(Lines of atoms letter the chains of each structure in order from A; the text may use other names.)
(Lines give C-alpha, C1' and ligand atoms only; values in the text may rest on other atoms or scores of the structure.)
Protein backbone atom coordinates (compact mmCIF):
# COMPACT_ATOMS: atom_id res chain seq x y z
CA UNK A 1 0.00 0.00 0.00
CA UNK A 2 2.86 2.39 0.80
CA UNK A 3 4.49 1.54 -2.52
CA UNK A 4 1.27 2.30 -4.39
CA UNK A 5 1.04 5.71 -2.77
CA UNK A 6 4.63 6.45 -3.73
CA UNK A 7 5.88 6.76 -0.16
CA UNK A 8 8.34 3.88 -0.43
CA UNK A 9 9.97 2.34 -3.51
CA UNK A 10 9.03 -1.16 -4.59
CA UNK A 11 12.59 -2.40 -4.36
CA UNK A 12 12.79 -1.52 -0.70
CA UNK A 13 9.64 -3.45 0.13
CA UNK A 14 10.73 -6.51 -1.83
CA UNK A 15 14.12 -6.50 -0.15
CA UNK A 16 12.50 -6.10 3.24
CA UNK A 17 10.16 -9.03 2.63
CA UNK A 18 13.08 -11.21 1.54
CA UNK A 19 15.00 -10.33 4.70
CA UNK A 20 12.01 -11.19 6.88
CA UNK A 21 11.59 -14.56 5.19
CA UNK A 22 15.25 -15.47 5.44
CA UNK A 23 15.52 -14.46 9.08
CA UNK A 24 14.78 -17.47 11.34
CA UNK A 25 12.05 -17.24 13.91
CA UNK A 26 13.98 -17.47 17.14
CA UNK A 27 10.93 -17.42 19.34
CA UNK A 28 9.63 -20.61 17.79
CA UNK A 29 12.94 -22.44 17.72
CA UNK A 30 13.33 -22.45 21.48
CA UNK A 31 11.05 -22.31 24.45
CA UNK A 32 10.42 -18.91 25.93
CA UNK A 33 13.18 -17.95 28.32
CA UNK A 34 12.48 -16.72 31.81
CA UNK A 35 13.45 -13.06 32.13
CA UNK A 36 15.24 -11.82 35.22
CA UNK A 37 14.14 -8.22 34.54
CA UNK A 38 11.06 -7.45 32.45
CA UNK A 39 10.98 -4.80 29.76
CA UNK A 40 9.12 -2.46 32.11
CA UNK A 41 11.86 -2.78 34.74
CA UNK A 42 10.16 -4.97 37.34
CA UNK A 43 12.02 -7.93 38.80
CA UNK A 44 10.62 -11.26 37.64
CA UNK A 45 11.38 -13.08 40.90
CA UNK A 46 8.84 -14.89 43.08
CA UNK A 47 9.68 -15.26 46.80
CA UNK A 48 8.23 -18.46 48.25
CA UNK A 49 8.26 -20.30 51.57
CA UNK A 50 9.19 -17.27 53.68
CA UNK A 51 8.83 -18.46 57.25
CA UNK A 52 9.69 -15.27 59.13
CA UNK A 53 6.70 -13.20 58.07
CA UNK A 54 6.92 -11.10 61.22
CA UNK A 55 9.93 -9.22 59.87
CA UNK A 56 7.62 -7.27 57.57
CA UNK A 57 5.64 -5.98 60.57
CA UNK A 58 8.80 -4.60 62.13
CA UNK A 59 8.95 -2.09 59.28
CA UNK A 60 5.28 -1.16 58.99
CA UNK A 61 5.79 2.07 57.07
CA UNK A 62 7.78 0.45 54.24
CA UNK A 63 5.29 -2.39 54.12
CA UNK A 64 2.44 0.09 53.76
CA UNK A 65 4.25 1.93 50.97
CA UNK A 66 4.98 -1.28 49.10
CA UNK A 67 1.32 -2.34 49.15
CA UNK A 68 -0.96 -1.74 46.22
CA UNK A 69 -3.29 1.25 46.21
CA UNK A 70 -6.45 -0.76 46.79
CA UNK A 71 -4.91 -2.52 49.77
CA UNK A 72 -3.62 0.74 51.25
CA UNK A 73 -6.99 2.47 50.90
CA UNK A 74 -8.71 -0.53 52.46
CA UNK A 75 -6.37 -0.42 55.44
CA UNK A 76 -6.82 3.34 55.93
CA UNK A 77 -10.60 3.09 55.73
CA UNK A 78 -10.63 0.18 58.16
CA UNK A 79 -8.40 2.09 60.59
CA UNK A 80 -10.73 5.11 60.63
CA UNK A 81 -13.88 3.02 61.00
CA UNK A 82 -12.40 0.90 63.78
CA UNK A 83 -11.23 3.95 65.72
CA UNK A 84 -14.62 5.65 65.36
CA UNK A 85 -16.45 2.53 66.49
CA UNK A 86 -14.08 1.98 69.42
CA UNK A 87 -14.45 5.48 70.83
CA UNK A 88 -18.19 5.50 70.11
CA UNK A 89 -18.46 2.47 72.39
CA UNK A 90 -16.38 4.27 75.04
CA UNK A 91 -18.56 7.40 74.89
CA UNK A 92 -21.70 5.30 75.11
CA UNK A 93 -20.37 3.45 78.18
CA UNK A 94 -19.49 6.76 79.87
CA UNK A 95 -22.98 8.09 79.25
CA UNK A 96 -24.53 4.84 80.47
CA UNK A 97 -22.41 4.80 83.65
CA UNK A 98 -23.21 8.42 84.39
CA UNK A 99 -26.94 7.91 83.81
CA UNK A 100 -27.20 10.19 80.82
CA UNK A 101 -29.18 7.61 78.81
CA UNK A 102 -32.13 7.48 81.24
CA UNK A 103 -35.35 9.05 79.88
CA UNK A 104 -36.25 12.40 81.39
CA UNK A 105 -39.40 14.47 81.45
CA UNK A 106 -38.88 17.62 79.39
CA UNK A 107 -41.49 19.45 81.49
CA UNK A 108 -40.02 18.31 84.78
CA UNK A 109 -37.08 19.47 86.78
CA UNK A 110 -33.70 19.39 85.03
CA UNK A 111 -31.52 16.43 85.99
CA UNK A 112 -27.79 16.28 86.66
CA UNK A 113 -25.37 17.70 84.09
CA UNK A 114 -24.36 14.95 81.60
CA UNK A 115 -20.77 14.12 80.64
CA UNK A 116 -21.58 14.71 76.97
CA UNK A 117 -24.64 16.64 75.96
CA UNK A 118 -27.18 15.32 73.45
CA UNK A 119 -26.12 11.65 73.65
CA UNK A 120 -29.19 9.45 73.91
CA UNK A 121 -28.18 6.28 72.00
CA UNK A 122 -25.24 4.48 70.38
CA UNK A 123 -25.89 6.31 67.12
CA UNK A 124 -25.50 9.71 68.74
CA UNK A 125 -22.33 8.43 70.47
CA UNK A 126 -20.93 7.32 67.07
CA UNK A 127 -21.65 10.73 65.53
CA UNK A 128 -19.96 12.45 68.46
CA UNK A 129 -16.88 10.19 68.00
CA UNK A 130 -16.60 11.26 64.35
CA UNK A 131 -16.95 14.95 65.30
CA UNK A 132 -14.20 14.66 67.89
CA UNK A 133 -11.67 12.78 65.72
CA UNK A 134 -12.05 14.84 62.56
CA UNK A 135 -12.61 18.09 64.52
CA UNK A 136 -15.89 18.94 62.81
CA UNK A 137 -17.74 20.30 65.85
CA UNK A 138 -21.34 20.89 64.72
CA UNK A 139 -22.18 22.43 68.11
CA UNK A 140 -24.99 20.10 69.19
CA UNK A 141 -22.80 17.79 71.28
CA UNK A 142 -19.95 18.73 73.57
CA UNK A 143 -18.01 17.50 76.60
CA UNK A 144 -18.78 19.15 79.95
CA UNK A 145 -16.60 19.55 83.04
CA UNK A 146 -18.78 17.11 84.95
CA UNK A 147 -16.66 14.00 84.07
CA UNK A 148 -12.84 14.22 84.18
CA UNK A 149 -12.70 10.76 82.55
CA UNK A 150 -14.52 12.10 79.50
CA UNK A 151 -11.91 14.85 79.14
CA UNK A 152 -9.16 12.20 79.23
CA UNK A 153 -10.90 10.14 76.53
CA UNK A 154 -11.26 13.27 74.42
CA UNK A 155 -7.49 13.93 74.56
CA UNK A 156 -6.62 10.31 73.73
CA UNK A 157 -8.94 10.23 70.72
CA UNK A 158 -7.52 13.48 69.34
CA UNK A 159 -3.95 12.18 69.61
CA UNK A 160 -4.85 8.86 67.98
CA UNK A 161 -6.67 10.63 65.16
CA UNK A 162 -3.60 12.79 64.44
CA UNK A 163 -1.36 9.71 64.30
CA UNK A 164 -3.65 7.96 61.82
CA UNK A 165 -3.80 11.08 59.66
CA UNK A 166 -0.01 11.49 59.70
CA UNK A 167 0.62 7.88 58.70
CA UNK A 168 -1.98 8.07 55.94
CA UNK A 169 -0.58 11.30 54.48
CA UNK A 170 2.99 10.02 54.67
CA UNK A 171 2.13 6.78 52.87
CA UNK A 172 0.17 8.58 50.18
CA UNK A 173 3.01 11.06 49.61
CA UNK A 174 5.65 8.34 49.39
CA UNK A 175 3.54 6.25 47.04
CA UNK A 176 2.97 9.19 44.70
CA UNK A 177 6.59 10.40 44.88
CA UNK A 178 8.27 7.05 44.35
CA UNK A 179 11.38 7.00 42.17
CA UNK A 180 9.90 4.52 39.72
CA UNK A 181 7.29 7.12 38.72
CA UNK A 182 10.06 9.28 37.27
CA UNK A 183 11.35 6.26 35.39
CA UNK A 184 8.15 6.17 33.34
CA UNK A 185 9.48 9.01 31.18
CA UNK A 186 12.86 7.32 30.63
CA UNK A 187 12.70 5.16 27.53
CA UNK A 188 15.00 2.46 26.19
CA UNK A 189 15.15 1.10 22.67
CA UNK A 190 13.11 -2.06 22.28
CA UNK A 191 16.02 -3.85 20.60
CA UNK A 192 19.76 -3.72 21.07
CA UNK A 193 22.11 -3.96 18.11
CA UNK A 194 25.60 -5.29 17.37
CA UNK A 195 27.44 -3.35 14.68
CA UNK A 196 31.06 -2.46 13.88
CA UNK A 197 32.40 0.72 15.42
CA UNK A 198 36.02 1.76 14.91
CA UNK A 199 36.79 -1.64 13.46
CA UNK A 200 35.47 -3.63 16.44
CA UNK A 201 32.08 -5.32 16.97
CA UNK A 202 30.15 -3.23 19.47
CA UNK A 203 27.01 -3.87 21.49
CA UNK A 204 24.78 -0.77 21.46
CA UNK A 205 21.44 0.39 22.84
CA UNK A 206 19.67 3.75 22.97
CA UNK A 207 18.28 5.56 26.00
CA UNK A 208 16.37 8.84 26.17
CA UNK A 209 14.55 11.16 28.58
CA UNK A 210 11.18 12.62 27.59
CA UNK A 211 11.15 15.35 30.23
CA UNK A 212 13.01 18.64 30.09
CA UNK A 213 14.08 18.34 33.72
CA UNK A 214 17.42 16.58 33.83
CA UNK A 215 18.69 13.55 35.70
CA UNK A 216 21.64 14.71 37.80
CA UNK A 217 24.70 12.43 38.12
CA UNK A 218 23.19 9.85 35.79
CA UNK A 219 25.10 6.58 35.50
CA UNK A 220 24.53 3.51 33.31
CA UNK A 221 25.46 0.00 34.34
CA UNK A 222 25.36 -3.10 32.14
CA UNK A 223 25.28 -6.65 33.45
CA UNK A 224 25.09 -10.07 31.84
CA UNK A 225 22.89 -12.68 33.49
CA UNK A 226 23.68 -16.23 32.44
CA UNK A 227 23.80 -19.76 33.76
CA UNK A 228 27.35 -20.88 34.48
CA UNK A 229 29.07 -24.00 35.80
CA UNK A 230 32.24 -23.73 37.87
CA UNK A 231 35.29 -25.96 37.55
CA UNK A 232 34.09 -27.93 40.58
CA UNK A 233 30.76 -28.65 38.90
CA UNK A 234 28.71 -26.12 40.87
CA UNK A 235 25.80 -24.79 38.84
CA UNK A 236 25.12 -21.06 39.26
CA UNK A 237 21.69 -20.39 37.75
CA UNK A 238 22.00 -16.59 37.93
CA UNK A 239 25.56 -15.34 37.50
CA UNK A 240 25.94 -11.57 37.22
CA UNK A 241 28.89 -10.17 35.26
CA UNK A 242 29.56 -6.46 34.83
CA UNK A 243 30.09 -4.98 31.36
CA UNK A 244 32.30 -1.95 30.88
CA UNK A 245 30.47 0.92 29.20
CA UNK A 246 32.41 2.61 26.41
CA UNK A 247 33.34 6.03 27.75
CA UNK A 248 36.50 8.09 27.19
CA UNK A 249 36.48 9.02 30.89
CA UNK A 250 36.47 5.33 31.91
CA UNK A 251 33.35 5.89 34.00
CA UNK A 252 29.67 5.06 33.64
CA UNK A 253 28.50 8.69 33.99
CA UNK A 254 26.42 10.20 31.17
CA UNK A 255 24.91 13.62 30.41
CA UNK A 256 21.36 12.71 29.43
CA UNK A 257 20.14 15.87 27.68
CA UNK A 258 19.29 14.14 24.41
CA UNK A 259 18.98 10.45 23.51
CA UNK A 260 22.32 8.67 23.76
CA UNK A 261 23.66 5.42 22.34
CA UNK A 262 25.25 3.35 25.10
CA UNK A 263 27.96 1.13 23.62
CA UNK A 264 30.22 -1.67 24.77
CA UNK A 265 33.18 -2.86 22.71
CA UNK A 266 33.32 -6.65 22.45
CA UNK A 267 37.03 -7.04 23.08
CA UNK A 268 39.26 -9.29 25.14
CA UNK A 269 37.95 -9.52 28.71
CA UNK A 270 34.35 -8.80 27.71
CA UNK A 271 31.64 -11.36 28.59
CA UNK A 272 30.49 -11.04 24.96
CA UNK A 273 33.94 -11.74 23.50
CA UNK A 274 32.97 -15.20 22.19
CA UNK A 275 29.49 -14.22 20.99
CA UNK A 276 28.87 -14.71 17.26
CA UNK A 277 25.88 -14.37 14.97
CA UNK A 278 25.31 -18.15 14.94
CA UNK A 279 25.67 -18.64 18.70
CA UNK A 280 23.51 -15.62 19.57
CA UNK A 281 20.23 -17.46 19.03
CA UNK A 282 21.32 -20.40 21.20
CA UNK A 283 22.90 -18.39 24.04
CA UNK A 284 21.11 -18.45 27.39
CA UNK A 285 21.94 -14.94 28.53
CA UNK A 286 20.22 -11.68 29.40
CA UNK A 287 21.77 -8.22 29.33
CA UNK A 288 20.43 -5.92 32.03
CA UNK A 289 20.61 -2.11 31.76
CA UNK A 290 20.38 -0.03 34.95
CA UNK A 291 20.13 3.76 34.79
CA UNK A 292 20.49 5.62 38.10
CA UNK A 293 20.44 9.30 38.93
CA UNK A 294 18.95 12.08 41.03
CA UNK A 295 15.76 13.81 39.92
CA UNK A 296 16.46 17.51 39.46
CA UNK A 297 13.08 18.76 40.68
CA UNK A 298 12.61 16.57 43.77
CA UNK A 299 16.13 15.44 44.68
CA UNK A 300 15.01 11.81 44.96
CA UNK A 301 17.29 9.06 43.71
CA UNK A 302 15.64 7.11 40.90
CA UNK A 303 16.45 3.96 38.97
CA UNK A 304 15.20 2.75 35.59
CA UNK A 305 15.78 -0.82 34.41
CA UNK A 306 15.28 -2.95 31.34
CA UNK A 307 16.80 -6.07 29.80
CA UNK A 308 17.56 -7.63 26.44
CA UNK A 309 17.33 -11.30 25.58
CA UNK A 310 19.03 -12.89 22.53
CA UNK A 311 15.78 -12.52 20.57
CA UNK A 312 15.93 -8.75 21.13
CA UNK A 313 19.55 -8.32 20.02
CA UNK A 314 19.90 -7.58 16.30
CA UNK A 315 23.18 -8.61 14.67
CA UNK A 316 24.44 -6.43 11.85
CA UNK A 317 22.25 -3.37 12.40
CA UNK A 318 22.79 0.11 13.82
CA UNK A 319 20.56 2.93 15.02
CA UNK A 320 19.63 5.78 12.72
CA UNK A 321 20.41 9.36 13.63
CA UNK A 322 17.49 11.22 15.22
CA UNK A 323 19.13 14.54 16.14
CA UNK A 324 19.08 17.41 13.64
CA UNK A 325 19.96 21.08 13.87
CA UNK A 326 17.11 23.39 13.03
CA UNK A 327 16.91 27.16 13.51
CA UNK A 328 19.92 27.32 15.80
CA UNK A 329 18.96 24.51 18.13
CA UNK A 330 19.00 20.72 18.18
CA UNK A 331 15.78 18.81 17.54
CA UNK A 332 15.10 15.17 18.43
CA UNK A 333 12.70 13.06 16.35
CA UNK A 334 11.41 10.39 18.74
CA UNK A 335 9.46 8.69 15.95
CA UNK A 336 12.78 7.17 14.83
CA UNK A 337 13.97 6.32 18.32
CA UNK A 338 14.17 2.56 17.76
CA UNK A 339 14.71 2.49 13.99
CA UNK A 340 17.73 0.55 12.72
CA UNK A 341 19.42 0.05 9.36
CA UNK A 342 21.49 -2.96 8.21
CA UNK A 343 25.27 -2.71 8.10
CA UNK A 344 27.99 -5.03 6.85
CA UNK A 345 29.61 -7.03 9.64
CA UNK A 346 31.27 -10.39 9.91
CA UNK A 347 29.29 -13.24 11.45
CA UNK A 348 32.34 -14.31 13.45
CA UNK A 349 32.80 -13.49 17.09
CA UNK A 350 35.32 -10.94 18.30
CA UNK A 351 37.58 -13.75 19.45
CA UNK A 352 37.51 -15.44 16.07
CA UNK A 353 38.19 -12.12 14.35
CA UNK A 354 41.24 -11.57 16.54
CA UNK A 355 42.51 -15.04 15.73
CA UNK A 356 41.94 -14.42 12.04
CA UNK A 357 43.88 -11.17 12.21
CA UNK A 358 46.85 -12.90 13.81
CA UNK A 359 46.31 -12.02 17.46
CA UNK A 360 47.62 -14.83 19.65
CA UNK A 361 45.56 -16.25 22.50
CA UNK A 362 48.07 -15.17 25.14
CA UNK A 363 48.11 -11.60 23.96
CA UNK A 364 51.69 -11.65 22.54
CA UNK A 365 52.33 -9.80 19.33
CA UNK A 366 52.92 -11.77 16.16
CA UNK A 367 56.52 -12.16 15.01
CA UNK A 368 56.86 -10.38 11.69
CA UNK A 369 59.24 -11.62 8.99
CA UNK A 370 60.39 -9.34 6.22
CA UNK A 371 57.67 -6.73 5.85
CA UNK A 372 55.30 -8.62 8.13
CA UNK A 373 51.60 -9.16 7.45
CA UNK A 374 49.81 -7.51 4.55
CA UNK A 375 46.04 -7.12 4.34
CA UNK A 376 44.52 -9.77 2.07
CA UNK A 377 40.85 -9.19 1.37
CA UNK A 378 38.18 -9.01 3.99
CA UNK A 379 39.11 -10.34 7.43
CA UNK A 380 42.32 -12.13 6.30
CA UNK A 381 46.04 -11.53 6.09
CA UNK A 382 48.81 -12.84 3.84
CA UNK A 383 52.56 -12.76 3.95
CA UNK A 384 53.86 -9.91 1.84
CA UNK A 385 57.03 -8.09 0.87
CA UNK A 386 60.40 -9.70 0.36
CA UNK A 387 61.68 -12.29 2.76
CA UNK A 388 65.01 -12.07 4.47
CA UNK A 389 67.85 -13.55 2.39
CA UNK A 390 69.60 -15.07 5.36
CA UNK A 391 68.69 -16.16 8.82
CA UNK A 392 70.70 -13.32 10.36
CA UNK A 393 68.75 -10.16 11.01
CA UNK A 394 69.33 -7.36 8.53
CA UNK A 395 69.78 -3.71 9.61
CA UNK A 396 67.10 -1.21 8.77
CA UNK A 397 69.39 0.75 6.50
CA UNK A 398 70.44 -2.26 4.41
CA UNK A 399 69.41 -1.84 0.79
CA UNK A 400 69.82 -3.92 -2.36
CA UNK A 401 71.39 -2.96 -5.59
CA UNK A 402 68.19 -3.32 -7.60
CA UNK A 403 66.61 -0.03 -6.49
CA UNK A 404 69.93 1.72 -7.18
CA UNK A 405 70.08 0.46 -10.75
CA UNK A 406 66.48 1.46 -11.35
CA UNK A 407 67.23 4.94 -10.01
CA UNK A 408 70.20 5.33 -12.30
CA UNK A 409 68.15 4.24 -15.28
CA UNK A 410 65.57 6.91 -14.49
CA UNK A 411 68.18 9.63 -14.33
CA UNK A 412 68.11 10.07 -10.60
CA UNK A 413 71.12 10.53 -8.36
CA UNK A 414 72.87 7.47 -7.11
CA UNK A 415 72.20 6.59 -3.48
CA UNK A 416 75.38 5.74 -1.59
CA UNK A 417 75.07 3.02 1.02
CA UNK A 418 75.81 3.97 4.59
CA UNK A 419 78.20 1.09 5.01
CA UNK A 420 80.38 2.41 2.16
CA UNK A 421 80.44 5.88 3.67
CA UNK A 422 81.48 4.48 6.99
CA UNK A 423 84.28 2.43 5.36
CA UNK A 424 85.60 5.45 3.45
CA UNK A 425 85.61 7.54 6.63
CA UNK A 426 87.70 4.91 8.43
CA UNK A 427 90.22 4.76 5.56
CA UNK A 428 90.59 8.56 5.56
CA UNK A 429 91.20 8.56 9.29
CA UNK A 430 93.96 5.97 8.98
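Every residue gets a Cβ built from N, Cα and C, even glycine.
Where the annotation comes from TrEMBL, it is an automatic prediction and has not been curated.
Predicted, not measured: the structure shown is a model, and the values here were computed from it.
In TrEMBL, the transmembrane segment annotation falls on 149-173 of the listed ranges 149-173, 174-198, 199-223.
The range from 51-72, 73-94, 95-116, 117-138 that TrEMBL describes as transmembrane segment is residues 73-94. Check TrEMBL against the ranges 337-383, 384-430 and you find region 'Disordered' recorded for 384-430.
On the 0 to 100 pLDDT scale, the domain 'Inward rectifier potassium channel C-terminal' (186-356) averages 89 in this prediction.
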